[in-house]
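Peer 1: Heads up, here are the entries from TrEMBL:
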ACT_SITE  K14  active site
DOMAIN    69-147  domain 'GHMP kinase N-terminal'
BINDING   P98, A99, G100, A101, G102, L103, G104, G105, G106, S107, G108  ATP binding site
ACT_SITE  D140  active site
DOMAIN    210-263  domain 'GHMP kinase C-terminal'
Amino acid sequence: MTTPEGFWLASPAKVNLGLRVLGSRPDGYHEIVTWIQQVSLSDRIWLGKRCSSIHLTVAGECVPAGRGNLAYQAAAALRGEAGDRTLGARIHLEKHIPAGAGLGGGSGNAAAVLWGLNRLWRLGLSPTALRRVGTSLGSDVPSFLAGPASLCRGRGERVTPRPPLRRGWFVLAKPGYSLSTAEVYGWIRGARSGQEAAEPVTNDRTPIYRNDLEKVVFARHPGLKKARDRMLCLGASRAMLSGSGAALWGLFSSQEEALKALAGFRPGRGWRVWLARPLTASAWLVRKE
């Protein structure tokens, strides 16, 4: 049985302002350093109490419901951390962030569910404990629990909050196909030189705008490079593949400039575009019902 108690959460997307691949790890992952900035493009999640079971419904983007969804897995993992099988939740996920884009939609959903259920179930777990649970779900999850901007090391799970961008607007663009993170990292395996890997991603205050995955992705998907270059021609101060793709971002000095670029960006059929601003503070809770 459900109760009226519940609330809506905003679950933002992210862009990678820099991503360096330092080499392969024995566990099959890659050692990386990346600077993550959350943006205003967001999914919405409703959390409500339910006796004993976890029930997830999804509207919008084509993503799995039930146990195959990271939001469900986050709820199950948090219940396991609490050690109380009587805890239950009703989760409704409104998807606006595209899947397979490198925008962190699934990871952000998992982080939002961890934060929200910690509140709904009155568990009182610390941010450190939530990040530990998040690490078990995915490499990007801890960054969403650390604030609007973060520097991430290891496979992405070692997170240090950093100052967020406070100016500019993003144009986000995604082609009509998605890319598999595992496949993209497979392309780069063994392709690094020690000199390249030694270059930093940040001076610990501001990111260095470079994504090591672009070379292998653009070689296989030249249309993405053309779209990235189009962003620059339209006035972006920076433009880059986000994470492992397939989404790109361009950073513009003002909303007016971003809107002009949005109108002029015509890379072809199947592409989708969004306008987003950088987030300067975490704001999970939208409203209580």
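Glycine is treated like the rest: Cβ placed from N, Cα and C.
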Peer 1: Relative to the Cβ of D140 (active site), which residues of the same chain, six or more apart in sequence, are found under 8 Å away?
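Peer 2: The list for D140 (active site) reads K14, I36, G104, S107, G108, C152, G156, given in order along the sequence.
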Peer 1: CB neighbours of G100 (ATP binding site) within 10 A?
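Peer 2: Total other Cβ atoms inside 10 Å, all chains included: 19.
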Peer 1: Test of understanding: give the count of other CB atoms lying within 10 angstroms of the CB of G106 (ATP binding site).
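Peer 2: The answer is 25.
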Peer 1: Given the binding-site residues P98, G102, and counting only Cβ atoms in the protein chains shown, which has the most within 10 Å of its Cβ?
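Peer 2: Going through P98, G102 one by one, the largest Cβ count within 10 Å is at G102.
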Peer 1: Near G108 (ATP binding site), how many other Cβ atoms are within 10 Å of its Cβ?
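Peer 2: By my count, 27.
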Peer 1: What average pLDDT is reported by the model for the domain 'GHMP kinase N-terminal' (69-147)?
Peer 2: 96
